[in-house]
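Record features (TrEMBL):
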type	residues	note
TRANSMEM	68-86	transmembrane segment
TRANSMEM	98-117	transmembrane segment
TRANSMEM	129-151	transmembrane segment
TRANSMEM	157-178	transmembrane segment
TRANSMEM	190-208	transmembrane segment
TRANSMEM	214-231	transmembrane segment
TRANSMEM	252-272	transmembrane segment
TRANSMEM	284-305	transmembrane segment
TRANSMEM	312-331	transmembrane segment
TRANSMEM	337-358	transmembrane segment
TRANSMEM	365-385	transmembrane segment
TRANSMEM	405-423	transmembrane segment
DOMAIN	456-521	domain 'HTH luxR-type'
Amino acid sequence: MRRIHTAHTGVVDHLRMGRQLNLATGPHAHLAAVAGAVHLAGRKREGDNAMAHDGTDKHSLTDLLDMPLAFLGFALWRAWVSLAYANPAAPMPVSGTAGQFAYDVVLAGSAIVIALLSSRIAPLAGRRWVYGVIALLLGFSVAANVAALGLPATTDALIVPATLAGGIGSALLILLWCEIYSCLSPTRVALYYALAIIGGVALTFVLQGIRDEYLYGALLALPMLSAALAHRSYRLYVPAEDRPVAANRRLIPWKFFLILALFELVASYSSAHIRSAYPLLVGSHSTVTTLVGGLVLFAWVWWFSNRLPLSALYRAPVILLCCGLLVVPLFGLGGNLAGSFCTALGVMLFNAIVFLFLCDISKRFGVSALLLFDIEESLLLVGWVGREGALLFDGSGLFGGTGPAIGAVVAIAAIVAVATLVLNEREIGERWGIAFMGKRPPEENERTRLARRCTAVAEAHRLTPREREVMELLAQGKSLSSVAHELIIAEGTAKAHTRHIYEKLGINTRQELLDLLMTEQ
């Protein structure tokens, strides 16, 4: 968790001013220390030298190129799993014999074990051994397939160790990247994740066209490069105060995971028939809908996130799934292809939003990212239940010719249940973590209290989503250059947002902003 920078002498000096602020002791003492540091370090009025702007955050190609590309190492793993397990582009005798179900079982089982040990091994990114272990495990799973090509008699003997290595290594690498992403601001998480999705699809497309011997070499190198980039990202680009710490908190958004399991069940059932008819549409890694979903997410972050909160996007999966299952087939709008595309895109966007949600929960509430993402990965097996259940409603199963109609009704009913849990929730906006975990989660930490008060002030004064983000970063003691860096905007734009915030709140300095947040209940 990020720690607010405070100089020892600054805190002492400010505590001596307790008579003025009446906050040196009592329930607001934790914010008084923050105010002291900012009072000494940033007295000048940032609103006075802020420049005017047109209300939008303008991005350029330069902004994109200035971002650390090491964070896109997650795209390498996405390409690896697509080429090695999800849709092998070269003969993989060991993986093919074991099947993806065995791989998923090992991955989910590994996630459960890591979840149980999360309080002891977190932060995973801070363990030097994990990077080498990942490279060895995933490298061995590929090498076993290559060995089986030359020595077919060894295939059966290599199935168990290769599957274990692939599943455990994948679980570690996924959780490593999830933990690193959870250290970043929501804007950066969404942008890097969108680019990782797009990059993974593009890399998969390129590697599918090369000769098998070169592809095997690439499959050996991709996990090592991904782990190396994860190490570089964590060591060089994640400040010490933002890095995760060992957390003993077991606060878990069970309501959200219930929604996730229900949606996963419906999504896997709905997409079961699409896999055979339109294989390029369905898949969790490198398909047409994966690419389109990544582009949609990128467009939202790059052009619309300053005005549209994520709450405007998280409803889309439910709407798309309903269109794919009911509206398109009922009215014949484009036939089965259009309905299948809506269904697949809804599933992809839901998975992306789940990722962003869990990163936000981890950062805001100090819950271990390992614990949250381990639970999410363990729900992978729910998808297999949905796909097997689809066989009961395919027209030749238990319900005969009425199976498809009955299955559609059941799926729509489940989606309505999801919509009831999600869409009727009080407007979540930037408070979605609080909404799913309770309005006042126990054991609030400093970041949670500050975020809650910033949200209350932002709602009361009708700040835009971007202005709320800027205000929260300013309250954390971030400089304007740091605010601009985290939100991927120009420093002049950050100054303009600051001026607008001060105008709406009727204040002139950051100190007055802190005073306002301290008195906000």
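Backbone N, Cα and C define each Cβ position, glycine as well.
Because the structure is a prediction, the values reported are computed rather than measured.
When each of the listed stretches 68-86, 98-117, 129-151 is scored by C-beta pairs under 8 angstroms to the transmembrane segment (190-208), 68-86 comes out highest.
Confidence across the domain 'HTH luxR-type' (456-521), taken as the mean pLDDT and rounded to a whole number, stands at 86. Sequence-distant contacts of the transmembrane segment (129-151) (same chain, six or more residues past either end, CB-CB distance under 8 Å): 80, 84, 91-95, 158, 161-163, 165-166, 168-170, 172-173, 176, 216, 219-220, 223-224, 226-228, 230-231. Spatially, the transmembrane segment (214-231) is adjacent to the transmembrane segment (157-178); three or more Cβ-Cβ distances between them are under 8 Å for residues at least 6 apart in sequence. Touching of the transmembrane segment (68-86) and the transmembrane segment (157-178) is concluded from the presence of at least three CB pairs under 8 A, sequence neighbours closer than 6 excluded.
In this chain, the transmembrane segment (157-178) lies apart from the transmembrane segment (252-272): fewer than three C-beta pairs between them fall below 8 angstroms, excluding pairs fewer than 6 positions apart. Of the recorded ranges 252-272, 284-305, 365-385, the transmembrane segment (98-117) has the largest number of C-beta contacts under 8 angstroms with 365-385. Ranked by number of Cβ pairs under 8 Å to the transmembrane segment (337-358), the listed stretches 252-272, 284-305, 365-385 are led by 284-305.
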